[in-house]
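Below is one structure, written out as structure tokens; comments come after it.
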């Protein structure tokens, strides 16, 4: 609308101000309601919809219509006039006029809501799609719509059919099959009884029955279940998706050759509009009128239902299949964590039970075994007694036992079963949500892509759309950008590795400082607390160092994540990718690679490198002039467990939950305190104004949710051998995560576009790759990091009584302190009295001919370790591959169902067209479908929308004969 016209409209609106601010409630007089709802010009002022809070709580609920009360608001466009700078104000007004003109030419109907005072934030244009436009684009987009319920007498045959089938096949079943069927029925019955408390109340959350659908065609409207009020044929999510499809393809320029000026996304990017969104259907707060949004909050986003199953059909109907698939996957993943959590908890309890009684722990904790250990650092560190690390040894045995191997094997199978069963679950949801024949729409260029190439001189004809578009030459433009982008990525990866080296330096220096306390530890002091604290710190120096280093590492990870996120988007923007899918795939690769290095580098170091290349006393391997850190007396597995626990639980249970749950509430509270808006002003806002106040639903919101869960899956599978409680903590986190994500979408965000997606996209390939890496990783953790293989070698080849008695002495080598180099010899008083010290390694003693060389036992154990890795990896890969081959991606019953429905679709179309051609189709073919049930195959439509062939009716048969004619 032009500026001059806008002034006239404002005068008109001021004259009608009293009428426009009429508030409706449940008891409003009919005359008042009729006065408000009568047709008015397509330009209104704010507050014309009545008191929004009163509407939300009235029986009719929130106003979702134009001023005439008949045309539904399918989409809202908003812009802030005060944000238009003088330089672009005229350009923006002209662009909006052209764009809105093109929308009207397309058949859309618009109604403007303009600001009267400067205090108002935004102007709005409400968009309505008439039935003719919806049907036209439903045919273009090949939407599937429900057909008529023409099988009127089919329900009465249901019991008859079931009885006949049971009678027919009961004589053919062998006894073993009957027994197995009864057993399976009992098992499923028990499972259903266990599952019942977690089900939603069907009276409060009604089941959404699947309707038999066909691809919509305007030429065959007689096939579809079109109600008397045709505007209700398409649900709100479908209507908004069709309108969005139109908005993304309309130009806001009069120049037909302008390849840059089209689409609502480009207009928002250029600040011509500030928002484009569909409306939430009512309010979610208590006391509001019943609506789909409130139903989802009460039974999905509410914390009291955190242990209930998700109403996925309602989620899909409200938010679309893309978001529905995400929550389906998240719920399925959470459910699959239950058996993994139970097994992990059992393994952990088993470790607690066996740890104190294991021979290695007993021998370490026995002071009679007077093992004097070599110093842990040069110069100042003292010699120390092995029994001082008793608590560390017991803790290590809790995780380093036979149960660890079993759990690693179990989780390898679990990862494969999870992915295979998810494919089956995904196929089922694709069938239920009509996504089997999904074809991705050809995406238009991204607005950012067009903006960056606005001055581009290279053009080409796009092979799919046939449109002339700007183009970046591959060798001269794209290759240098890609090289720079991935070079920076490698640098960022090395930055994370450098941070790990910094944490290593911290651990070495702090451990050395704590060890020095033994020299300065007061033997007598007036303060018992000081003496006790000093003794405790010294005895647990390794634990203190590990915990503090892990916390520092977590802090560094959080900081680097913030840097990585911004740089990854910046680098992807530089690549100037044409479509949103190309952009999403590129950012997925970058962020996952960077966060993989960031989160896992310190864990990989502890699992595979720490304590491996340290050398030996008298000839230590140094880095930057300092000794490398060694594993504690109980091994490195306990340190790996602590690192995993702090990073995994700290990142998910605290950092993520704080940013997703606490931070938004704090921001909302601060905004509420700073807002000058009174309660009366807030109550007078219309529904589209309230939704405008909410945060915009970003296209990358689901990306971050997937990334968070995929990183969690990596923690669970790649390093699960070191942390059996990981699945339990992940289960707790995911239960909270589902409610946080659902609550955020319902209460904090504008309604997202009801987009369609048949699967989880590239994330399945990422999950599969992680599951393969996990097999190798767990094999090496068991072989190299844990003491499982050395214990098995000792037990089977060196033990005299088939026990681990004497294993500790077996793993300790001797060192003559006189062989210390001068630069590394301990210098504190009394150190010269120690002649022999012990250290963990498999080397010859100083009195041997090949002193300090690797012993024969070392090579024996090394060979056993590599044999274990090869056998473990190949056996697990073979079995998991066999499992994946045996489990079909699509259930057999579903394959039959899909073929059956395809057959029915063809039969209905062929026979109705034949009858119409013969002139036997009164009322535009409605009776034709009914005729099929009389002369053709008879079908039963059950509660899930599945159509089953019942019997074929033959003319002239008696009723008794018809009952036997079951197919």
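Glycine is treated like the rest: Cβ placed from N, Cα and C.
Under the heading compositional bias 'Basic and acidic residues', TrEMBL lists 1-26.
According to TrEMBL, the feature domain 'Anoctamin dimerisation' maps to 65-312.
According to TrEMBL, the domain 'Anoctamin transmembrane' annotation covers 315-901.
According to TrEMBL, the feature region 'Disordered' maps to 1-56.
Residues or ranges marked as transmembrane segment in TrEMBL: 326-353 (among others).
TrEMBL lists 405-422 (among others) with the feature transmembrane segment.
Residues or ranges marked as transmembrane segment by TrEMBL: 481-506 (among others). Sequence-distant neighbours of the transmembrane segment (481-506) (same chain, 6+ residues past either end, Cβ-Cβ under 8 Å): 549, 552-553, 556, 560, 563-564, 567, 571-572, 574-576, 590, 593-594, 597-598, 601-602, 605, 626, 628-629.
If you look up TrEMBL, you'll see 543-564 (among others) marked as transmembrane segment. Counting residues 6+ beyond its ends, the transmembrane segment (543-564) has Cβ neighbours under 8 Å at 391-392, 492, 495-496, 499-500, 502-503, 506-507, 510-511, 514, 537, 591, 594-595, 598-599, 602, 639, 642-643, 646-647, 650-651, 655 in the same chain.
Sequence-distant contacts of the transmembrane segment (587-608), counting only residues of its own chain at least 6 positions beyond either end whose CB sits under 8 Å from a CB of the stretch, comprise 489, 492-493, 496-497, 499-500, 503-504, 553, 557, 560-561, 564-565, 568-569, 571-572, 636, 639-640, 643-644, 647, 651, 700, 703, 707, 710-711, 714-715, 718-719, 722, 762-763, 766, 777, 780-781, 784-785. Under the heading transmembrane segment, TrEMBL lists 587-608 (among others).
The transmembrane segment annotation in TrEMBL covers 713-736 (among others).
What TrEMBL lists as transmembrane segment is 760-784 (among others).
What TrEMBL records for 857-887 (among others) is transmembrane segment. With a cut-off of 8 Å between Cβ atoms, the residues of this chain six or more beyond the transmembrane segment (857-887) that come close are 409, 412-413, 415-417, 419-421, 424, 772, 775-776, 778-780, 782-784, 789-790, 792-793, 797-798, 810, 841-843.
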Mind checking which residues of the chain, 6+ beyond the ends of the transmembrane segment (760-784), have their Cβ under 8 Å from one of its Cβ atoms?
325-326, 329, 404-405, 408, 411-412, 415-416, 419, 422, 426, 585, 588, 592, 607-608, 612, 637, 640, 706, 710, 713-714, 717-722, 865-866, 868-869, 872-873, 876-877, 880
